[in-house]
Amino acid sequence: MTYKILFLIGLLLFLVGQILLAQGNDFVYSQEPIDFAHWFLLLGVVLLIPQVVSFPKTIITYIGFPIALIGITATIGMCVLDFIWWSLPNEELRIEFSKHIYQAPSIWKPFLSIGPSSKVFNTGLLILSLNYIKNEKLAVASIVLATLVLWHIIPLPFRLIIGYALTLLGYSIIFLRNSIKRLGANK
């Protein structure tokens, strides 16, 4: 149960990071003493790892696990690069750094094309949620809807906030429903 709680806390921290990022670049660059937005994202994805490697050993997990880990790794790399951007004192240096790493596809593609897109990351989370489709159809439907929002198939403003809120909701139902039922039965 500890890994499941860490996973939910991780999704919550990730959502907080998305809310902070939605305030815009000027807000992010003005954060002091650290880049809180990307620290929330980083801590959030790191807290997902123990549960991601502990899902039931099924064919679904064997497909979803590496996809989720690739998405987590891409997000970690993106956060590291964003920490560097945040640390640069002015926009000219940020632009120069952007031009430099754009010339390195081995950095740009995985960490700045894949990392922030959420497509790989949330696809992995969606596939892993399919382990619970038999008993938690509504929860899995929430994660399917989240993935459609994150992939721009359902275009919504603040898609990252809505998408990760729905992902958190779905996994909260999956991981906490039985605990809540047991608490009610013990009264």
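All residue numbers here begin at 1 and follow the chain in the order shown.
Even glycines carry a Cβ here, placed using N, Cα and C.
A TrEMBL annotation is a machine prediction, not a hand-curated record.
The annotation transmembrane segment is assigned in TrEMBL to 38-55 (among others). For the transmembrane segment (38-55), same-chain residues at least 6 beyond its ends with a Cβ under 8 Å from one of its own Cβ atoms are 2-4, 6-7, 9-18, 20-21, 28, 61, 64-65, 68-69, 72, 75-76, 78-79, 82-83, 86, 121, 124, 128, 131.
Within its own chain, the transmembrane segment (67-88) has Cβ neighbours under 8 Å at 28-29, 31, 35, 38-39, 41-42, 45-46, 48-49, 52-53, 94, 97-98, 101, 107, 110-112, 114-116, 118, 120-125, 127-128, counting only residues six or more beyond its boundaries. Sequence annotations record features per position, and here TrEMBL assigns transmembrane segment to 67-88 (among others).
The annotation transmembrane segment is assigned in TrEMBL to 108-131 (among others).
Residues 118-119, 122-123, 125-126, 129-130, 132, 160, 162-167, 169-174, 177 of the same chain, all 6+ positions outside the transmembrane segment (138-154), place their C-beta atoms under 8 angstroms from a C-beta of that stretch. Annotated transmembrane segment per TrEMBL: 138-154 (among others), in sequence order.
Taken from TrEMBL, the feature transmembrane segment covers 160-180 (among others).
For the transmembrane segment (108-131), the list of distant contacts is 45, 52, 55-56, 58, 60-61, 63-75, 77-78, 80-81, 101-102, 139-140, 143-144, 146-147, 150-151, 160, 163, 167, 170-171, 174: same-chain residues at least six beyond its ends, Cβ to Cβ under 8 Å.
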